[in-house]
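Remarks on the structure that follows.
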Amino acid sequence: MTGERPSTALPDRRWGPRILGFWGGCRVWVFAAIFLLLSLAASWSKAENDFGLVQPLVTMEQLLWVSGRQIGSVDTFRIPLITATPRGTLLAFAEARKMSSSDEGAKFIALRRSMDQGSTWSPTAFIVNDGDVPDGLNLGAVVSDVETGVVFLFYSLCAHKAGCQVASTMLVWSKDDGVSWSTPRNLSLDIGTEVFAPGPGSGIQKQREPRKGRLIVCGHGTLERDGVFCLLSDDHGASWRYGSGVSGIPYGQPKQENDFNPDECQPYELPDGSVVINARNQNNYHCHCRIVLRSYDACDTLRPRDVTFDPELVDPVVAAGAVVTSSGIVFFSNPAHPEFRVNLTLRWSFSNGTSWRKETVQLWPGPSGYSSLATLEGSMDGEEQAPQLYVLYEKGRNHYTESISVAKISVYGTL
């Protein structure tokens, strides 16, 4: 039996060029597909991660309120809140304390609006008036529903039990970007009469799962229910309930210096869908710095094991501002001093707040107190705009209660 010899015949010319052409064409298509994917990835990266562009620059600042009976015979303006509505209107709020600078006493809620990205502001409107009660309203937190466009504003009544017995959590809302407001709604039938001091600052609406679309407003209590906890709504603000919170230690008892006592707080959502709550460290437990809580179930629960402290965020026991941009930049503002309310400073993080950039922006070296942050991003009047950050804060030359000022900051440092 003889074996077959290897063929020495030339390849069939009818098939060779076609086969080579086929594979050559495949290579072209493969390279084209790779190029397209890389281009898309680059575009996505540019859209999703703008960290290399960040050079915050203050482009404008103006006083919105001045204390000392210069506006509507109001003694003191305090507790600034600022938000950008889904339509791009800026709303700035403050407590207008009628007779004194005290946290107690009668007040208005003052509002100014801007429809041109903070260049001009409407005259002051007083949208809530508590009369002449001895322990009046206290702001507060503001949150918008991006699906309905409704803006919700929360405040408390009788939070200090000074000349009154029953506390209430109150709610007003606007469907026209703050032009008009509802009559106040008392939430006591839904959530009870335990003291809940919302904010001060902004609530959030979850943009990611879990519980995408949920409205979250966080705050703190007093001795009857101390610590930090949040109000939640899954029906666009029609009903509200509490999630569980993190209590102070010792619970329900007066606190001493260095006891654990989380207080005024500001939530924001991270890209993984978790919620961070940056809180005032009322009794300087562990450090003269901020308490950081984190929830992985849209604030249904806050667990002690998810409580940390941020030594980089030195703090003199104050309400601070915090906000995150759509690309994941976390901004934080406070008087950056371990003891005194001075040196209002803006910081930012590219790592979800686990570390902070060495660069900072000092907004005011002198007396400065509470602050609130808001961003405007995306298209404005049909044109794509670079992101803008707004800081509404208490500012003075001798004392931080002298005025409330708004600073506009270009995130990319462009004019």
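The backbone N, Cα and C atoms fix where each Cβ goes, and this holds for glycine too.
Segment annotation: Swiss-Prot labels motif 'Internalization signal' over residues 412-415 (candidates 240-243, 288-291, 412-415). Swiss-Prot assigns the feature motif 'FRIP motif' to residues 77-80, out of the candidate ranges 77-80, 105-108, 165-168.
Of the recorded residues, ASN186 (N-linked glycosylation site) and ASN343 (N-linked glycosylation site) place their C-alpha atoms 38 Å from one another.
Straight-line distance linking the Cα atoms of TYR370 (active site, nucleophile) and GLU394 (active site), rounded to a whole number, equals 6 Å. Helix first, then strand, then coil: DSSP counts for the motif 'Internalization signal' (412-415) stand at 0 helix, 0 strand, 4 coil. Neighbour counts were taken as the number of other C-beta atoms within 10 angstroms of each residue's C-beta; across the active-site residues ASP103, GLU394, the minimum falls on ASP103.
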